[in-house]
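*Asks:* So TrEMBL lists the following for this protein:
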{"type": "SIGNAL", "residues": "1-19", "note": "signal peptide"}
{"type": "DOMAIN", "residues": "80-195", "note": "domain 'Rhodopsin'"}
{"type": "TRANSMEM", "residues": "105-128", "note": "transmembrane segment"}
{"type": "TRANSMEM", "residues": "140-160", "note": "transmembrane segment"}
{"type": "TRANSMEM", "residues": "172-195", "note": "transmembrane segment"}
{"type": "REGION", "residues": "225-249", "note": "region 'Disordered'"}
{"type": "COMPBIAS", "residues": "226-235", "note": "compositional bias 'Low complexity'"}
């Protein structure tokens, strides 16, 4: 009765709203149309009734859902297959086939298949609208469609369990397989994101080290005997004032120790000046 009352009230309100109109108009309509005081009044009333109409609209829908829930309550009341309930664990005398709970297994299996399918279909429109390369979309699509394996295991499990109603090992094995597959499928996107992030973190320091090595190679210079300095790019540069000169002096001193070195022109002039 309450749902019918909400529906009738909504019908009366919506008739006035559609007849008088509301403030829901385009900017061009507001600018071009000449509104009379009466028309403005009618559109204001229509807009107010439109707001009230939303209350009765949602009330009607939720009352209909309550009717459906009442039906579910009756189904749940009759859901236990064993009556009285203690037959589920009775050993002697034989409790009957109700202890196998075949109907419950079928209902839960079908519900799992439906919900898993909904979870697979849900992200597909979002993936298709992504502005990403095709390969990236394919990876995301593969990750979110791994739930097909759970659906496949459930579809295989139901007839096998029905054909082996007295094998508890069979039920437990297939249930454990379904749980393991669900754990892998559900955590696959998260594990993939962690792996991808870790891979990028490892590649970034390596690229930076390679870049620093290339810059160091560009700074390598070679000094000739005459004192000129050439970079690796081939252009002449000024003679450095650091370690290169020190390195030449060390090499010369090593040759002096051995006594087998050839004096350079600068050294000959220096020796002759001392002797004079």
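In case you wondered, yes, glycine gets a Cβ from its N, Cα and C as well.
All TrEMBL annotations are machine predictions without curation.
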*Asks:* Should anything in the same chain at least six residues away from the transmembrane segment (172-195) have a Cβ under 8 Å from its Cβ atoms, list it; otherwise answer none.
*Replies:* 143-144, 146-147, 149-150, 153-154, 156-157, 160-161
*Asks:* Please work out the helix, strand and coil residue numbers for the domain 'Rhodopsin' (80-195) from the DSSP assignment.
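*Replies:* DSSP composition of the domain 'Rhodopsin' (80-195): 90 helix, 0 strand, 26 coil.
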*Asks:* Restricting to the domain 'Rhodopsin' (80-195), report the mean pLDDT as a whole number.
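*Replies:* Summing pLDDT over the domain 'Rhodopsin' (80-195) and dividing by its length gives 84.
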